[in-house]
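Novice: Could you have a look at this structure, given as structure tokens, before my questions?
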Amino acid sequence: MTELKCREKYTLDGDKEERESQHEPDVQTTKPVKTEEDEVTSGRTGAGKQQKDEGEVKEEDAQHKEEESKTPESPVKRSTRSSAGFLQRLVRVFFGYLAAVACGILYAAHLSAYHDRMFWFSTRQELEREITFQGGSGLYYYYYKQMLTATPFHRGVYELMMDNRTVAGQTINAVVRLSLYPELITSFIYRFTGSEEFVEPIYFYIGAVFGLQAIYVSALFVCSWVMSGTWVAGMLAVSWYVINRPDTTKVDYAIPLRDNWALPYFSCQVAALTGFLTNNISSATELFCYLTMSATTFTFLLVWEHSHYVLFLQGLCLFFLDAFDLLPSRKMAEIHMVYVSAMLLAFFSQFQNAALLSSPLVSLLIGTWVARNYQQKMKTGPFLSRVMKLFVYFHLVFTTGITFSYLVKKVVQGDESDFFLKFLEVKFGLNTTTDFITNFLLCQESFQVPAQDLFLRLTQASVLPFYILVLTVCLLSTLQTIYRRLSGLPMKTNLKLEDGRIGEHPEVIYHVFHTLIFGGLALLFDGMKYLWTPYVCMFTAFGVCSPELWMTVFRWLKLKSIHPVVLSLILSTAVPTIIGFSLWREYCPRVLGDLSEVQEFYDPDKVELISWIKSQAPAAAVFAGSPQLLGTVKLCSGATVTSLPLYTDIKLLRRTEDTYQVYAMRSAEDIYKILTSQKANYVIVEESICNELSVNKGCRIKDLLDISNGHVVYDKGEVYSFSKHGRFCQEIKMNYSPYTNYFTRVFWNRSYHVYKVNSVISFQY
């Protein structure tokens, strides 16, 4: 007896999906019987056609062999073989996940040891530990400390929502403004699990971040493994990630940053999306990927204010997959449902955050929905017709999306919505400006073009050469697939190794678009490398370990001397083995050397400043200074400040510009009026900013202020600063009138000078 099982297949021909029901009929296998009608017919064919040639005989023999190979097996043999196959898959999956978890744990342990060695963290006092949070990132840890002492816990949450002790003269919702959900959740777990009996609060906090980094690399491992079919690719991806750590993460020097909390969730979301896009997966696996994708998308939106921009870029990749008919419409609709539900939940969880309404992701979803309903037969017709429909579809989507975004921004955000467009105009050289905020942001390292050192480091680690190879092959194969789909040819859902079509896998096509879009932005903005480089490592590891990629190349080359399947299997094993051995030989001593090298980060001047503030300054004092320094002041002393190291709020950036005027050529009276309007009692002047020496003079704070204030003179191609007033930060150190009338120096050391803003002006000459 033979069992004929028909699996459910999803064809990508247009928007239709053909489903075949499952049947198990019993079919009696019989040999073909020669009838009289056949004999009569054969007699009429003549004597010349009665004898078959050798080719036909061989063909008949092959057919008989094929029929013999299709003879049914006994139920016992079939069950034994299925059990053995299931056990083999189970063992492979178990060891793969075990390797992924082991890589994550080892990476987290390495981060912990490196962090302790770099800052001598375990031997420091509490104040010195907190100062190691650089770049103003320590501000987030302050709120974590505050929630640990809040009684009861919900009272602390309410105080953060109505916070009037952070920015002078303002009441802000710190939970939404600073995305403090990681601190709320971490402090809740620490308090209500009794962890205070076993671990210090600061170790629990950084341990949570390092744990997320372990999940980050484990997700990259799984993603590369799912695409290539071997967990060797996962190990290679993690190795490249660790070796290129300066270009893949900021966790080394700024642990509390939102990026370090959010990007692990995005990595898990990409891994779940990769599994969801894969063809011929079981319904249980698809459901698991869908639920994981939903949960991680919502969490990603919740913990980082820039997450909806990242999801917009991801949605753009999926939009191209759907437009070129490379993805079943059912899956695309379910992904859109994930985006919509996650955005709605995040909108209400963040107290009706208006930024989510004007998000480009929302505009893209609305534009796609409108265009799809208007143009329902876009994926039918001949090649030229479909291309023309595609252009119309693109026009409808982006026109509708841009119109919706413009209307929402005009209604919700007012004039501030124009700042981003002006910033892009200046960035791409379409316009010039003297605005301090725009030029200040453009001078930030994250918004500058990456240095050539980035590509040199990636080349030395052998990532970039293989990345270019893998991307070229996958991109050309994807273009072939797009051409076939536009020509009306169906995509095969059950591809075999012999087919050599790496570009027909939806998950591979998605990652091709993903790496192209993020890579293009990384060439313009250095900060985008932290979103691009990890997936370069993952994508490259998948490619060199995938037999299908090598098979695709051999089909193009029409290799005949050696069997291409055998050679592709050999190369998919030999190439990663050689790469892994070379990386182990060259970089393993360096990675271990980072743990043995004696390093020390210590800032005694800043420790002295914070100690003076905690012991000498009044509890209700308000401090003005640079945003990065004020973040540390807020963390260590809890004092109220005039600005925060937050570059997404235009109003806070304007306050920062006013505070920075102490480094401009302004009069003492002007500075006094600015500081009193911000209710500042003390102003901190930093020597590193006042006497800044930089190769790029146009990006020094004092140069930006001079340009903004119009204190710049151009003479024969040279730029000079000129004003009737001297530079305030230098003149005030002379201790002469009128500066002493408005300000009194109360603390100074080599790096910092603290001046009290006099409440009563004394006119002394």
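Glycine too: its Cβ is placed from the backbone N, Cα and C atoms.
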Novice: Transmembrane segment per TrEMBL sits at which of 262-280, 357-375, 604-622?
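Specialist: From TrEMBL, the annotated transmembrane segment range turns out to be 357-375.
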Novice: Could you check whether the transmembrane segment (464-483) packs against the transmembrane segment (225-243) - three or more CB pairs closer than 8 Å, residues at least 6 apart in sequence?
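Specialist: By the criterion, they do not touch.
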Novice: Taking a Cβ cut-off under 8 Å, which residues six or more beyond the ends of the transmembrane segment (287-304) line up next to it in the same chain?
Specialist: 179, 181-182, 258-259, 261-262, 265-266, 268-269, 272-273, 275-276, 281, 310-311, 334-335, 338-339, 341-343, 345-346, 349-350, 356
Novice: When you look at the transmembrane segment (531-553) alongside the transmembrane segment (508-525), do they share 3+ Cβ pairs under 8 Å, ignoring any pair fewer than 6 residues apart in sequence?
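Specialist: These two segments touch.
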Novice: Using a Cβ cut-off of under 8 Å, list the residues of the same chain at least 6 residues beyond the transmembrane segment (202-220) that approach it.
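Specialist: For the transmembrane segment (202-220), the sequence-distant neighbours (Cβ-Cβ under 8 Å, at least 6 residues beyond its ends) are 100-101, 103-105, 107-108, 111-112, 115, 126, 129-130, 141, 144, 182, 186, 190, 195, 234, 237-238, 241-242, 249, 251, 255-256, 260-261, 263-265, 267-268, 270-271, 534-535, 537-538.
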Novice: Which stretch, 225-243, 357-375, 387-408, 531-553, tops the Cβ pairs under 8 Å count with the transmembrane segment (565-584)?
Specialist: 531-553
Novice: Can you say which of 90-109, 357-375, 531-553 has the most Cβ pairs under 8 Å with the transmembrane segment (387-408)?
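Specialist: Per the Cβ under 8 Å count, 357-375.
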Novice: Given the transmembrane segment (225-243), which of the listed stretches 90-109, 357-375, 531-553 has the most Cβ pairs that are under 8 Å apart from it?
Specialist: 531-553
